[in-house]
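> Encoded as structure tokens, here's the structure I'll be asking about.
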Amino acid sequence: MRSITALFFLFCFLAPSALAQLRSGFYGRSCPRAETIVANVVANRFRRDRSITAALLRMQFHDCFVRGCDASLLIDPRPGRPSEKSTGPNASVRGYEIIDEAKRQLEAACPRTVSCADIVTLATRDSVALAGGPRYSVPTGRRDGLRSSPNDVNLPGPTIPVAASINLFAAQGMNTNDMVTLIGGGHSVGIAHCSLFQDRLADPAMDRSLNARLRNTCRAPNDPSVFLDQRTPFIVDNAIYGEIRRQRAILRIDQNLGLDRSTRGIVSSFASSNTLFRQRFAQAMVKMGTIRVLTGRSGEIRRNCRVFNNGR
């Protein structure tokens with residue numbers, strides 16, 4: 001815990017501009033129970049469904065990598081006015097009802113005070129800890145965006161080359177280590193439908209026993225899904241990196257991380273040390289949560305996370 005806290009403060013020092021108006025305990029006076037309310041909502045749902053960690057990690061990533069962490073992903077499409085939710089990459093994002101419930105309780109306790117963008121960040125943080133991942137502090141004070149358009153969505157697919165993924169992360173101010181950490185960490189509790197890894201099933205380098213098992217599963221109708229981490233599918237840990245080293249990664253992007261000279265050393269380091277992975281994952285999650293945030297008087301504090309305040 002001390003090492004993760006130290007990494008957080010180190011990051012604050014290294015990137016002051018991104019965190020200039022974000023701070024831990026932002027709601028200490030305006031809504032003292034804000035983080036407790038979100039944590040309770042997430043814990044109640046986690047007791048019934050441990051897969052929410054994967055859902056919330058994906059939600060935060062898909063939100064932050066489009067227009068920054070501004071909750072633009074949460075806006076519902078309307079007739080004649082599509083939103084980010086309307087696009088293919090976001091069609092399977094889920095967990096919105098968790099954010100809705102947290103927002104409902106927060107509006108009752110502290111009307112128009114806590115942003116939807118902060119709820120997503122806090123809920124994801126809490127779900128990671130519940131899934132055995134690191135506990136870390138996140139700065140708050142984000143505000144919600146005023147735009148949500150499918151034209152802005154350009155998210156990486158499961159077969160993206162490593163070099164292209166590095167460039168995509170770099171465009172968001174994230175480095176190669178961040179990329180390997182967030183992709184592997186997110187996939188440590190994720191699932192994938194068979195249609196997304198047919199290329200891997202045709203790869204002769206894939207572990208034969210895993211390949212046979214996956215082929216058998218994928219013969220079933222309705223595009224079945226499988227865990228991306230076959231060892232500890234509900235725990236945020238380093239197990240998936242060991243699977244990558246053994247040619248047992250299910251998605252092409254995961255396997256390529258273990259083969260590309262720019263990333264394979266990071267994969268090996270994480271595979272050898274869960275402590276290192278936990279430290280880096282906490283740091284990378286905090287860093288991702290500061291991508292192009294709106295603060296101060298920018299944006300708004302939505303009353304309903306699915307709709308802009310002006311109703312448009």
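For all residues, glycine too, the Cβ spot is worked out from N, Cα and C.
Found this in TrEMBL, in case it helps:
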type: DISULFID; residues: CYS31-CYS110; note: disulfide bond
type: SITE; residues: ARG58; note: site 'Transition state stabilizer'
type: ACT_SITE; residues: HIS62; note: active site, proton acceptor
type: BINDING; residues: ASP63, VAL66, GLY68, ASP70, SER72, GLU84; note: Ca(2+) 1 binding site
type: DISULFID; residues: CYS64-CYS69; note: disulfide bond
type: DISULFID; residues: CYS116-CYS305; note: disulfide bond
type: BINDING; residues: PRO156; note: substrate binding site
type: BINDING; residues: HIS187; note: heme b binding site
type: DISULFID; residues: CYS194-CYS218; note: disulfide bond
type: BINDING; residues: ASP229, THR232, ASP237; note: Ca(2+) 2 binding site
> Let's check the environment of CYS194 (disulfide bond): how many other CB atoms sit within 10 Å of its CB?
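Excluding its own Cβ, the number within 10 Å is 19.
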> About how far apart, in whole Å, are the alpha carbons (Cα) of CYS194 (disulfide bond) and ASP229 (Ca(2+) 2 binding site)?
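The separation of the Cα atoms works out to 14 Å.
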> Distance check, please: Cα of ASP229 (Ca(2+) 2 binding site) against Cα of HIS187 (heme b binding site), rounded to an integer number of angstrom.
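The Cα atom of ASP229 (Ca(2+) 2 binding site) is 7 Å away from the Cα atom of HIS187 (heme b binding site).
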> Beyond the listed site residues ASP63, VAL66, GLY68, ASP70, SER72, GLU84, identify every same-chain residue whose Cβ lies within 8 Å of the center of their Cβ atoms for the Ca(2+) 1 site.
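Checked against the 8 Å cutoff, the neighbours are HIS62, CYS64, PHE65, ARG67, CYS69, ALA71, LEU73, GLY145, SER148, ASP152.
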> At the Cα level, what's the spacing in Å between CYS31 (disulfide bond) and GLU84 (Ca(2+) 1 binding site), rounded?
29
> For SER72 (Ca(2+) 1 binding site), which residues in the same chain are close in space, meaning a Cβ under 8 Å from its Cβ, but six or more apart along the sequence?
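Looking at Cβ-Cβ distances below 8 Å from SER72 (Ca(2+) 1 binding site), excluding near sequence neighbours, one finds ASP63, VAL66, SER83, GLU84, GLY145, ARG147, SER148, ASP152.
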> Taking CYS64, VAL66, CYS69, CYS110, CYS305 as the recorded positions to compare, which has the smallest set of other Cβ atoms within 10 Å?
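Candidates: the recorded positions CYS64, VAL66, CYS69, CYS110, CYS305. Fewest Cβ atoms within 10 Å: CYS110.
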> Given the Ca(2+) 2 site residues ASP229, THR232, ASP237, which other residues of that chain have a Cβ within 8 Å of the mean position of their Cβ atoms, reported in sequence order?
SER188, VAL189, ARG231, PRO233, PHE234, ILE235, VAL236, ASN238, ALA239, ILE240
> Among ARG58, HIS187, the recorded positions in question, whose Cβ has the most other Cβ atoms within 10 Å in this structure?
HIS187
